[in-house]
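Here Swiss-Prot flags 11-133 as domain 'NTF2', drawing on sequence analysis. Here Swiss-Prot flags K36, K50, K59, K64, K76, K123, K351, K355, K374, K391 as ubiquitin cross-link, drawing on similarity to another entry. Per Swiss-Prot, the feature region 'Acidic disordered region' maps to 142-224; the stated evidence is similarity to another entry. The phosphothreonine annotation in Swiss-Prot covers T143. Taken from Swiss-Prot, the feature compositional bias 'Acidic residues' applies to 145-157, 184-205. For K374, the entry in Swiss-Prot reads SUMO2 cross-link.
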Amino acid sequence: MVMEKPSPLLVGREFVRQYYTLLNQAPDMLHRFYGKNSSYAHGGLDSNGKPADAVYGQKEIHRKVMSQNFTNCHTKIRHVDAHATLNDGVVVQVMGLLSNNNQALRRFMQTFVLAPEGSVANKFYVHNDIFRYQDEVFGGFVTEPQEESEEEVEEPEERQQTPEVVPDDSGTFYDQTVSNDLEEHLEEPVVEPEPEPEPEPEPEPVSDIQEDKPEAALEEAAPDDVQKSTSPAPADVAPAQEDLRTFSWASVTSKNLPPSGAVPVTGTPPHVVKVPASQPRPESKPDSQIPPQRPQRDQRVREQRINIPPQRGPRPIREAGEPGDVEPRRMVRHPDSHQLFIGNLPHEVDKSELKDFFQNFGNVVELRINSGGKLPNFGFVVFDDSEPVQKVLSNRPIMFRGAVRLNVEEKKTRAAREGDRRDNRLRGPGGPRGGPSGGMRGPPRGGMVQKPGFGVGRGITTPRQ
């Protein structure tokens, strides 16, 4: 059977997940990702106010990491890019936010070059590492509240398979599927204009991996090729948290630490990443979808992030040539049955011209044109009675200037508009939302697709089938 070589994106995402988890749990072990020829440049200024120079070699990198005083370090990954580079290496670029010692989150960018270790196929170590804070480069301190890092759980669109620690005589093994999801965020640049958007598969999903104890909140998008799924499904947060309670990096690293707890630096082999070659995978078709449920905390945070302009009621429209009055005018509310929605208006249309046109059907008491920049424009016509409204509707199609067909509809009531939105949300792209719980979790355990595993100490492998 022909074995597939793991994609750079799969290698990069799994490396990112484990790197920032170790940064949170055991920063004194971080140097094991590097080798004797590795370089490490971390954001910061030297005594002269210039960007600090890079350090080289595992020993110097360990000193540099310890000088950063990483304590309770939380990371929110917004985006990950990974591409193949020279000599079968992988270059990984990470963008996100980092909080050290419970301080405010700061935006950062970090670039890794993963090079083949050489002794075994699909085994990597960090050859180059460059880290910069955005505020040190562009100025200005861009922050987000720290509580979001500890409490917020983004809504992933694929259920995440829980990690598992598998002991073996040859060392400690760690196996985890990369979560598939779709924000956005997000954040990918995650723009969510509506509190309840319809789920749509997107190429770069973003999720938060939030563990039960204060650990790195890792948001990352999984590659689309990990699982073929036609529609996204939100993660079941509670079971994932219950399973994660059994996992601790302390149990992983304690087997490789000396009794005193000190980390030997001299002569320590580089922490390498072994990525087993994946086998051809069978296509899996999801039989059911997980009912989407948005946590109230997540909903509240999303609404706070969106800058919602204050809603304004309809303003009375002045007649053409009417002098502007300085006194505030009283707003008059008209019944919906007296109003018409007018779409497909020419961009150069004049209010007086449009009003004269509709005066042929009845007395126009108010006319509004919305020209928000998107063509064609639209507006509303208000009559003094419901009879002209029905007269216009019965004479459709309405031709303006003899050539422009206007889209004329009766204005819907607020209850009708909310009912339409509710129906659209319940309908969704694949029928009514909901259905049996416990949908597809991704590739079945023991299946054909293997995820890269990472660990510390004597190298990295994955559990045997």
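Cβ from N, Cα, C; glycine included.
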The one of K50, K59, K76, K351, K391 whose CB sees the fewest other CB atoms within 10 Å, among these recorded sites: K50
Alpha-carbon spacing, K123 (ubiquitin cross-link) to K355 (ubiquitin cross-link), which is rounded to whole Å: 74
Residue counts (helix, strand, coil, in that order) that DSSP gives for the domain 'NTF2' (11-133): 35 helix, 55 strand, 33 coil
K391 (ubiquitin cross-link) versus recorded sites K36, K64, K76, K351, K355 - nearest by Cα: K355
Cα proximity to K36 (ubiquitin cross-link), best match among recorded sites K50, K76, K351: K50
Packing count at K64 (ubiquitin cross-link) (other Cβ atoms within 10 Å of its Cβ): 18
Assigned element (helix, strand, coil) containing K355 (ubiquitin cross-link), judged by DSSP: helix
Nonlocal neighbours by CB distance (under 8 Å) for K355 (ubiquitin cross-link), same chain, sequence gap 6 or more: V364, L367, V381
Cα separation, K76 (ubiquitin cross-link) to K64 (ubiquitin cross-link) (Å, whole number): 22
Secondary-structure category, per DSSP, in which K391 (ubiquitin cross-link) falls: helix
Length of the line joining the Cα atoms of K76 (ubiquitin cross-link) and K50 (ubiquitin cross-link), in Å: 27
